[in-house]
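The active site, 4-aspartylphosphate intermediate annotation in TrEMBL covers Asp425. The Mg(2+) binding site annotation in TrEMBL covers Asp425, Thr427, Asp839, Asp843. Under the heading domain 'P-type ATPase N-terminal', TrEMBL lists 47-111. Look at TrEMBL and you will find 143-203 tagged as domain 'P-type ATPase A'. What TrEMBL lists as domain 'P-type ATPase C-terminal' is 895-1053. As annotated by TrEMBL, transmembrane segment applies to 306-330, 350-376, 922-941, 956-975, 987-1009, 1015-1039.
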Amino acid sequence: MSGGSGWERIRSTRGGRLSRETSLTGRTARTVRLGRVQPQAPGYRTIYCNDREANLPVRFKGNSISTTKYNFLTFLPKGLFEQFRRVANCYFLFISILSMTPISPVNPVTNVVPLSLVLFVSLIKEAFEDWKRLQNDMVINNNPVDVLHDQVWETIPWKKLQVGDIVRIKQDGFFPADLLFLASTNADGVCYIETSNLDGETNLKIRKAVERTWDYLIPEKAVEFKGEVQCEQPNNSLYTFTGNLIIENQTLPLSPNQLLLRGCSLRNTEYIVAAVIFTGHETKVMMNSMNVPSKRSTLERKLDKLILTLFGTLFGMCLVGAIGSGIFISSDYYYLELQRGVGLEFNPSSRFSVVVLTLFTLLTLYSTIIPISLYVSIEMIKFIQCAQFINKDLHMYHVETDTPALARTSNLNEELGQVEYIFSDKTGTLTRNLMEFFKCSIGGEVYGTGFTEIERGGAQRIGAKLQEAQRSPHAVHEKGFNFDDSRIMRGAWRNESNPDVCKEFFRCLAICHTVLTEGDESPDKITYQAASPDEAALVTAAKNFGFFFYRRTPTMIYVRESHAEKMGTITDVPYEILNVLEFNRWRHGADTVIYERLAAESDELKKITREHLEQFGSAGLRTLCLAYKDLHPETYESWNEKFIQAKSSLRDREKKLDEVAELIEKDLILIGATAIEDKLQEGVPTCIETLARAGIKIWVLTGDKMETAINIAYACNLINNDMKQFIISSETDAIREVEEKGDQVEIARFMKEEVKGELKRCLEEAQHSLCTVSGPKLTLVIDGKCLMYALDPSLRVMLLNLSLNCSSVVCCRVSPLQKAQVTSLVKKGARKITLSIGDGANDVSMIQAAHIGVGISGLEGMQAVMASDFAIAQFRFLTDLLLVHGRLSYLRICKDVSTALSKKYPELYKEGIRNMFFKWRVVWTWAFFSVYQSLIFYHFVTISGTSGKNLSGRMFGLWDVSTMAFTCVVITVNLRLLLMCNSITRWHYISVGGSILAWFVFILIYSLLRENVYFVIYVLMGTFYFYLTIILVPIVALLGDFIYQGVERWFFPYDYQIVQEMHRNDPEDNSRAGLLEIGNRLTPQEERSYAIAQLPRELSKHTGFAFDSPGYESFFAAQLGVHAPQKAWDVARRASMRGKPKPSKKH
């Protein structure tokens, strides 16, 4: 009954007091700040498998998860706290409270209702977004899973799963927790998993159970399993796991090869049996996640500082007024009757009370200096920017998937116009994760035609034209194969000078892999499931070369060979699998690994093949070398005995297997090399180049291997051969030597010192390179292990300084949490606007850590989109999102140049990065002119009050002057808005004219309803003085702004003003057909050449320069990377030139 009671006791995830072990676990795993990952503290947990009662005293965490931002109790207090983080809301709350006191001269409704409405709408929005998170959590927590109970599989929801339970996972099912793999329906205790939710990779990976547990597959056997697991404490390292399985007094070592992580899914396996190791928020994927952040734009935070400044100014004004009231109030003014029963605010005998109460009265009266209507207007504009401009932009509409852009929040619109750093995932974001066999080198001969995207991009940069070879009409192009060369296709390789080498090359591709087959055993219908897309591409290539792999068993591989012995013959050949030397970090097909294991002869072939490898690498292709060795049966039998002993070893098994493999993997004969293209998404290199011209730096953060990441960086134009590369890798002989000893403390100490030394060396070289005039651009490549130590507080500043000095940074083999840590490092350390973009669940933490998160609606589900602020279908759409909508949002829809020109001159975006339009200098300029305008109005009021007369000859009274003054204010403010617009459309005329008209309609009606202003406006409109005033006063008030803007545009123009001048005579193209145009676009170099060619070429009669508009020379110099400061006399030449209209285009 004890086992039954343990089974029935399903603990709540959040309930109960944690034991000391669990508390220590939490403290160990959460010692991160700014995303720092520390080596875990010593310690382990003991888990009793298939025995809930034994695990109860430890009180492991339950398997229920929560990703919500609020709960029922915290929503209102936490939600209000989030709203009152805005200084403006605190200010309006303070004013609302004051307006409800007796000292307030205004009705409290005018303050309380707008604030309440703003808060209510914001809280509803927060509740709706969190409700969607709760629904998602409920779906996940209630997913069914089969758990072993009394010799039967019982289905329970994920949330009731406990540590130590034995579970059964069926094909295509997701793992509900971190599991210890025990048994599989596949032979040899293997299973295939997809880890796209962790590292973005959609290819399959192999996991293998410990041989001792293979029999625990059916319930009758699994119920007998009573193993004890001693393993590490929960931590966030996805790629490491250490532990032991103690079963029947036998201790078996455990490795990451036996760990199945939550979020991964089972593929190509009927079902597996596993034991639960980590649950809920202690699983590795959950420890790599972050709490849902509350994002506020940088502009909003700066606005808080501005409001504090304005409030300080307001308080100073009110204090002066209050003190003045306290000084000048006196009982001498007998006609005010201040002696009899007046309130404290007018009592001459208590001047301090007069000052205090008058101060609060004035604060309420002058509170409109910070109008709440401004915030309402801004929120409306933000909503329109999202709903009308971003969501409906056809330039960001993906036709193939029918996916438009989606703005999921309107809080961060203006942030899009100030991004300086972009952090991007690789797989599915930059690439399509589609590998294609493109070229190869066989026996010293290159085969394959065509050019890669990086080759085309390189040719464009130097102005060269590539001669594309005519593609064969019989060329085959299928998934994984984009190869064309008639010399070796359809058995033609038999006519080559080295047919035997070709045959060995194709045979090697067909049998040296771990690919599984699905579907019919025919070339057209078969499907390959591979541990990597490269493997699938190589096997697909072998099929198209006539060596068709169609079946696999645990001991055999079957290949259908065409033309192997003679042309036209087709033979099914079985190959026995004697042993499998699995791929690891020291055993793969890279040239550096293969070449050091080759036989001494064939030096000429090695030299030629290496040249081919360099040629393939410079084209951005992923290369692998192929080699083989003939073994004598006696030699193999002798080696196999050693291999079996190493495989059976319980201590240092991997090390011994590697040592045995080294005995046979030597004196290899080189056959050739393969070149595979990782297809980029359409337009990625052009997009990255455009964003780089805009002053945006792009970092790639990927879980891929270093070689793969570097290849993609080359293909994307992030790295080129002219750059100086700093590579900080854990794959060094010194680190391997220390790792082989197995002392975790010594490994951590040694790696930290190694990383510190590398960072110091690279930083010194970077600083020296930057001091030289013509030094190369710099790039940093670092892997996840080194990054873990580089993010230590003692090294973090050094890493940041080195990274900021580099033009591009590539971080490979990084975990989801490390992606977020790097993002936070730049966000908080460099204080720059950051944007993260990804497409998978492994990118969620990075997306949430940045100022702006962008999700790609890709093939890996919608997790990234659900966590993002903006969603797009393709990486290339970032150009429009940032350079067009980002700039317009930062400028608040005051379009300065057209969409086409925004992308044509990406340098315009730098004005947002430098925050040119919201600096304190800009604020003080506006403040200066507002003071100037207020003096004009004050002077007008004083003159009108003494000399103004109506038709009956009476002097204007208080309400006459104030009504006329406010009319002038309304006209002046609206005309000032029109003056600051960079482009004027009919909507500007409607809004400005409508606002002025609305005032007149209001005052005409209001003056009939209120006694104190009764018929005032009608009397004023009957005087010539009124019309003269509302014309002259706004003109005089705006004269300063007009002169300032004119001088600024002529002598100190912004870049966008220069572009406006260059294209001021361009005909407008409003046709919607242009929005749908895709492709056939000029390259940036061709666009620049075309733009220059279109400029007027006649010489000014005053100068010898071709350009006679302000700042032309400096603007184009900046585009070409040459410093040429503007001169005041250069821009003054513009007055002598008359722009000639361009001839109209004929259609």
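Our numbering is plain: 1 for the first residue shown, then up by one each step along the chain.
For all residues, glycine too, the Cβ spot is worked out from N, Cα and C.
This view paints the features noted in TrEMBL onto the structure.
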| residue | record | Cβ within 10 Å |
| --- | --- | --- |
| Asp425 | active site, 4-aspartylphosphate intermediate | 31 |
| Thr427 | Mg(2+) binding site | 29 |
| Asp839 | Mg(2+) binding site | 31 |
| Asp843 | Mg(2+) binding site | 32 |
State the non-local partners of the transmembrane segment (987-1009) in its own chain: residues 6+ outside its ends, Cβ under 8 Å from one of its Cβ atoms.
963, 967, 970-971, 974-975, 977-978, 981, 1015-1018
Determine, to the nearest whole angstrom, how far the Cα atom of Asp839 (Mg(2+) binding site) is from the Cα atom of the residue listed as 'active site, 4-aspartylphosphate intermediate'.
8
What is the separation, in Å, between the Cα atoms of Asp843 (Mg(2+) binding site) and the residue listed as 'active site, 4-aspartylphosphate intermediate'?
7
For the domain 'P-type ATPase A' (143-203), what does DSSP give as the number of helix, strand and coil residues?
10 helix, 30 strand, 21 coil
Residues of the parent chain within Cβ reach of the transmembrane segment (922-941), under 8 Å, 6 or more residues beyond its termini:
306, 916, 961-962, 965, 968-969, 972, 1029, 1033, 1036-1038, 1040-1041, 1044
Could you tell me the mean pLDDT over the domain 'P-type ATPase C-terminal' (895-1053), as a whole number?
85
Helix, strand and coil counts within the domain 'P-type ATPase N-terminal' (47-111) (DSSP):
32 helix, 2 strand, 31 coil
